[in-house]
Amino acid sequence: MLPLNNGLYKVTPRLYILYYQAGHREPVTLPKRSLFRILERERERERMEKPVMEKSAMEAFEKLEKVGEGTYGKVYRARERATGKIVALKKTRLHEDDEGVPPTTLREISLLRMLSRDPHVVRLMDVKQGQNKEGKTVLYLVFEYMDTDLKKYIKSFRQTGENLPIKTVKSLMYQLCKGVAFCHGHGVLHRDLKPHNLLMDRKTMMLKIADLGLARAFTLPIKKYTHEILTLWYRAPEVLLGATHYSTAVDMWSVGCIFAELVTKQALFPGDSELQQLLHIFRLLGTPNEEVWPGVSKLMNWHEYPQWNPQKLSSAVPNLDENGLDLLLKMLQYEPSKRISAKKAMEHPYFDDLEKAHL
């Protein structure tokens, strides 16, 4: 994000759209001279054109219904008037006292431009600027529309009392691993993988990774990152214990938690605080020590915890076969460097009998 008070410029919605339409992947890294030229052109355009120009930007779409809401704003199912195509509009709230685009939105747009060519990452079709009823500027991200998400899909089986078919679990898990492997292969950590952020098409059973607002591009050596990532139930133990240097293993822990939830229809570690989350993990996998996880006692949030011996994973996920339990165990290794990668997970024997050609 550009500094706001040192002679550079904040990234306004209109300016970001100019970047986007010009095809820049990481527009905020443009040299100051290039940025200045774009700003001057933009100021000239604003002087010449009517101020209501952007108000008509969203007339291309008809909002049909609100399908989601969060700290980022609202998501609508909408119809493109020209083609009749159904899309998802993600409306981003901008701070009342600041016309700059939130960094999570900048990050999501930049990463989606890079990752959207993968069939298992939700496709960003366009970025639009508009105005709300109060005349304030809003930013719309136009996505392909998916009719449900994994959280709702699992809930539908929980309500009927049925289990997800084994073939369905394998297909969804393989697609998830494939999408995560693509992200990791392009240097991106998602950092917030959970059923709600995995979109689905019920007819085709296609799964796509969404909500990259917390994602980060990573480099080697591993950078220091902030602690405030990830919904609690899917958070890796190294993050709970205060690690600030981490990599792809945090996503693979989340994938393991999602795997178990697909089989049992319940969260594997449903803690309501960071401490309770750790205790849920320790009760099943055993309290870690230096032998199983070298360096764990040096992590910032490490304390003397109750001592539990590891339980068999089959006690928590009884409907999973031997290969499935082996894969799950590899995803839930305490030591991050020993956790299986998404690419290796795709090669695991658990998926040997899965028809992968169409996935």
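Here the Cβ of each residue, glycine as well, is placed from N, Cα and C on the backbone.
TrEMBL entries are annotated by machine, without manual review.
Straight from TrEMBL, the features:
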DOMAIN    61-351  domain 'Protein kinase'
BINDING   LYS90  ATP binding site
- Within 10 angstroms of the C-beta of LYS90 (ATP binding site), the count of other C-beta atoms across all shown chains comes to 24
- Calculate the per-residue pLDDT averaged over the domain 'Protein kinase' (61-351) and state the result as an integer. 89
